[in-house]
Amino acid sequence: MANQTAVTEYILLGLQEHHKLEMVLFVLCLGIYSVNVLGNSLLIVLNMLDPRLHSPMYFFLSNLSLMDICGTSSFVPLMVVNFLKTQRTISFPGCALQMYLTLALGSTECLLLAVMAYDRYVAICQPLRYPEIMRRQTCVQMAVLSWGMGFANSLLQSLLTWNVSFCGHNIINHFFCEILAVLKLACGDISLNALLIMVATVILTLAPLLLIFLSYIFILATILRVPSAAGRRKAFSTCSAHIIVVVVFYGTISFMYFKPKAKDPDLDKIIALFYGVVTPSLNPIIYSLRNAEVKAAAIALLWGDLLSRKMSHLPCCSSTLSCMAGW
């Protein structure tokens, strides 16, 4: 019996039998991916340039934006190219890397959303201790822990996946090398893989969701004790964008994995595509529409005020700007 070492490349089926639909998906995915990269890059740039955004909440938001860019970039470019080709292949190392990155970044997002919920809990429930608890060093440590746990989980799952016997099968019924689609090629015992996936789901997906839920219970209780309606609105507005992102993220996951299995397997693939491509592009839109500070920073950047203020604080540029003003 041959194992995966006999396979040098994999064939990605996608929606080969629906070529016209793939042309529509090519246009949609390319447009949405462009919005994702531009929107999340803008959030990162605004966080770097605007001093008003130098806070823990926007630090974690920048991590989330970077993760969304990396996550979609790990499979979307090759996928949209494959929409135009009749033979869709990916090398064995490319497939292994793609599966590793998509799994790692998906796990990391769950943990980052939980960390962001904790940040909002401290900001609203313990505002006087917020600078002490959410110090820069602490925020960096929580971000590194989130990334580290996500990538460590993916490494363990990937190693166990590629140690399974595949018997020379190399046709993946998906748009990209997703771990469940790869495991369907196995002809050996995958009970250990299934157990590990279940444990990882509980620890890295359900446990963060529970922490987010508990955080917002305490946040809601604190907001309801605020005497003025204006104070309640202001407190709620600081976490409304995060609530929407959590609902969208976990809502799509729940719809994917807890809905009845579709009679047409192509429908499941399109739903997975929606989750992997559309959801990351919504984060910058949601935070831009629901956050006055982000909108103000974007307007300042658009008019050039933000960049000029940043340049004026640089020693090499301050004298040049003053000379230009005098001239």
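Cβ from N, Cα, C; glycine included.
Fair warning: this is a prediction, and the values are worked out from it, not measured in the lab.
Positions annotated as domain 'G-protein coupled receptors family 1 profile' by TrEMBL: 39-287. What TrEMBL records for 23-46, 58-80, 100-118, 139-156, 194-223, 235-258, 270-289 is transmembrane segment.
Within the model, the domain 'G-protein coupled receptors family 1 profile' (39-287) shows a mean pLDDT value of 87, rounded to a whole number. Scored by C-beta pairs under 8 angstroms, the transmembrane segment (270-289) has its highest count with 23-46, from the stretches 23-46, 58-80, 139-156, 194-223, 235-258. Sequence-distant neighbours of the transmembrane segment (58-80) (same chain, 6+ residues past either end, Cβ-Cβ under 8 Å): 14, 26, 29-30, 33, 36-37, 40-41, 43-44, 47-48, 90, 94, 97-98, 101-102, 105-106, 108-109, 112-113, 115-116, 119, 136, 139, 143, 146-147, 175-177, 276-277, 280-281, 283-284, 287, 293. Sequence-distant contacts of the transmembrane segment (100-118), counting only residues of its own chain at least 6 positions beyond either end whose CB sits under 8 Å from a CB of the stretch, comprise 57, 60-61, 63-64, 67-68, 70-71, 74-75, 142-143, 145-147, 149-151, 153-155, 157-158, 176-179, 200, 204-205, 207-209, 211-212, 215-216, 242, 245-246, 249, 276.
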